[in-house]
Amino acid sequence: MNIHILGVGSVGSLFAFHLKRALNSSPSLPAAAPAHICLHLSEKQRKARCDRSEPLSIKVERDGAVDHQDGFEIARSDSPIDILVIALKADITLSAMEPLVPRLCARPTPGTLVLLQNGVGQDEAIVKRFFASDPAAKPYIILGSNTHGTWRKEHLKVVHAAKGTMHFGLSRVQDDRISSQVEQHLLTTMEYPPCLHSAASTTSADDPYKTVQSAICMLSLPYMCSSLAIYLEGSRDFAMRSLRKLVANCVLNPLTALEECKNGELLERGHIRDKVPVIVRECANVLQARMQQQGQQGQEPLQQLSYSALLQHVRDVIELTALNWSSMVQDIHSARGSTEIDFLNGTIARWGEQMGIATPCNRDLVQSIKAKADRLANRSS
């Protein structure tokens with residue numbers, strides 16, 4: 001089984017570190033033929049590795065102590081892909097994934113994507129961009145939601161600053177292939193399939209769910225669950241979690257990036273604190289209308305997306321992550337010229353426009369973030 005990691009920043013490196021350790025330490029899996037974990041490095045990083053003799057390793061610092069894990073491989077241009085974990089910024093995912101699609105599709109049965117990113121809609125964008133004309137080649141998609149606080153100290157060395165959780169659920173874009181009964185079976189049948197540690201890169205054609213079952217079992221390894229606090233949940237529950245997290249990110253990310261402050265400072269600055277309920281109300285109006293449009297009118301889902309419930313959720317997140325810097329603050333300071341704003345507030349604005357709901361505050365934040373990102377990128381060039 002060939003597991004590829006695309007995006008070895010702070011989150012991708014943390015995930016890869018613990019996955020390799022989990023596969024090495026699990027007594028339930030044979031150690032004779034370990035799964036291949038391949039890291040996708042930039043051309044510059046790959047050339048730098050050629051000049052070094054030590055094995056490829058990832059270092060994780062936690063409470064001042066540094067631990068390292070080696071045994072990783074550098075992804076080659078011809079290496080097959082069974083499971084592709086994407087931990088990239090949402091705005092560069094499509095361009096980075098494009099050259100890998102043929103290798104993901106070069107299988108008798110579908111491969112599996114694991115998306116560990118901010119925002120929503122990446123799964124739909126991937127399917128529309130690469131698989132609209134060939135639905136049979138469409139990979140299975142597992143979505144992830146991360147609350148661990150991390151930052152990159154240097155290449156393949158990250159600081160695990162705050163312990164959080166990782167939740168995973170199947171994407172709803174594959175409802176045509178994965179019925180509720182199949183989903184229930186995949187999430188509750190936790191026998192570790194032999195393909196996870198098989199040296200072979202493909203699986204038998206008579207088991208179309210092999211890679212997604214392997215990915216779920218990979219995420220369910222005891223060490224993964226304990227070290228990263230991983231939880232698997234049904235697609236409907238995960239979709240609700242994603243929407244609530246989207247609202248929190250619509251508040252925290254742009255406001256902290258514009259103010260260049262930590263999360264907790266948002267509630268300490270009056271001119272910013274007053275914007276929080278305005279953003280949340282626009283989000284609540286859009287999300288509730290969208291659920292009703294999609295025929296999801298149950299009392300509980302609508303209550304979870306009510307203005308009062310979302311406002312309390314956002315305040316709770318701010319308090320829990322008060323000492324953290326948001327990812328958008330880091331994006332702005334990296335001067336890379338782009339952010340994930342289109343997948344956060346931009347998504348709310350786009351959905352609002354589709355349903356005739358005004359979202360002026362979210363629209364203003366999109367423009368303000370883009371203007372600041374451009375300004376800082378031009379200054380550093």
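Residue 1 is the first one shown; counting continues down the chain.
Cβ atoms are placed via backbone N, Cα and C, with glycine included.
As annotated by TrEMBL, domain 'Ketopantoate reductase N-terminal' applies to 3-170.
According to TrEMBL, the feature domain 'Ketopantoate reductase C-terminal' maps to 242-372.
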Averaged pLDDT, computed only over the residues in the domain 'Ketopantoate reductase C-terminal' (242-372):
92
So, by DSSP, how many helix, strand and coil residues make up the domain 'Ketopantoate reductase C-terminal' (242-372)?
101 helix, 0 strand, 30 coil
